[in-house]
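Per Swiss-Prot, these features apply:
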{"type": "MOD_RES", "residues": "Met1", "note": "N-acetylmethionine"}
{"type": "MOD_RES", "residues": "Lys137", "note": "N6-acetyllysine"}
{"type": "MOD_RES", "residues": "Ser299", "note": "phosphoserine"}
{"type": "REGION", "residues": "350-378", "note": "region 'CARD-binding motif (CBM)'"}
Amino acid sequence: MEQLSAANTRFALDLFRALNESNPAGNIFISPFSISSALAMILLGTRGNTEAQMSKALHFDTVKDIHSRFQSLNADINKCGASYILKLANRLFGEKTYHFLPEFLASTQKTYGAELASVDFLRASEEARKAINEWVKEQTEGKIPELLASGVVDSATKLVLVNAIYFKGSWQEKFMTEATKDAPFRLNKKDSKTVKMMYQKKKFPFGYIKELKCRVLELPYQGKDLSMVILLPDSIEDESTGLRKIEQHLTLEKLNEWTKPDNLELLEVNVHLPRFRLEESYDLNAPLARLGVQDLFGSRADLTGMSEARDLFISKVVHKAFVEVNEEGTEAAAATAGIAVFAMLMPEEDFIADHPFIFFIRHNPSSNILFLGRLSSP
């Protein structure tokens, strides 16, 4: 499992960097895990150069038995009885007159639980689009009502692969609503806006990265299988969001080092965190091409593992993600024992998230990053 989670994290950070290049100061929110899952389904049907480019970009070339590992990971993440709701759903929507190889359909069904729904793109592409959106809306509890905008599919569309992920978790330690106050949030050195700032003082895993002058806070969700981890610089030092330096150093190795339990200490922390809600949409063709996935989106695509016809390529990889963080906990969706100590001399730390920060929601047992974002403006 470790190999796969390392590959998924490397890809998550590469994609974050690619999105950052085209949007250096705005909000970013994605579910890298959802995107990796959807691309892994496509990978099942790729051959030749197309397969090599995708494997390399997703860092799957370092992982043995990639698909069976995904299968166990999906089962682990979707496990019932967990104290949070986390739903991962995959589906293929195929043109009903087009012949897909039975082996491909059997593999996606077995490994990713993805059924093929036959739709009529050829004669009724608008109805097909609505059916796909309706399915995603249902899987994400209404949070993503329109994954595919009008015109994204047409009569030439053969296949749409959809991955939807939905998460709702309550904080292990909730914020009291009455402690929430209006407070300024600094967007950069010059500008600020008023936000609803939540507050609580409890013991949390806390760390400090000296060379980056950055605080690390882990806020566990009930059950502790999932946590939100926040990287907050002490101040805004650059001319943008203040996150440049951290973003330049974001690698799998660094991230593991900064956030591993041995490097975090359970301390009393005064946590000030804004309530926020992000809804972001991405066309991932350009960022993926930047990461080396080039043949998939055009006539050079080799998808002969999906169909014998040579005319199949992936026209678009669309991703939408939603997150809401409040006093109770977090709701997010995307498509693609403390020991009591005398409290006399407990050192206290302040964690005042009143300027931009990077955050991610991690599945702790597998170390997979399910959601990753930058909050520049709540």
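The backbone N, Cα and C atoms fix where each Cβ goes, and this holds for glycine too.
Since we're looking at a predicted model, the values are computed, not measured.
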The residue listed as 'N6-acetyllysine' in three-state DSSP notation: helix
Long-range Cβ neighbours of the region 'CARD-binding motif (CBM)' (350-378) (under 8 Å; 6 or more residues past either end): 1-2, 4-5, 8-9, 12, 16, 20, 25-34, 73, 76-77, 86, 165, 167, 183-187, 193, 195, 197, 206, 215, 217, 224-233, 235-236, 241-243, 246-247, 250, 256, 259, 269-276, 278, 321, 323, 330, 332, 334
Per-state residue totals over the region 'CARD-binding motif (CBM)' (350-378) - DSSP helix, strand, coil: 0 helix, 18 strand, 11 coil
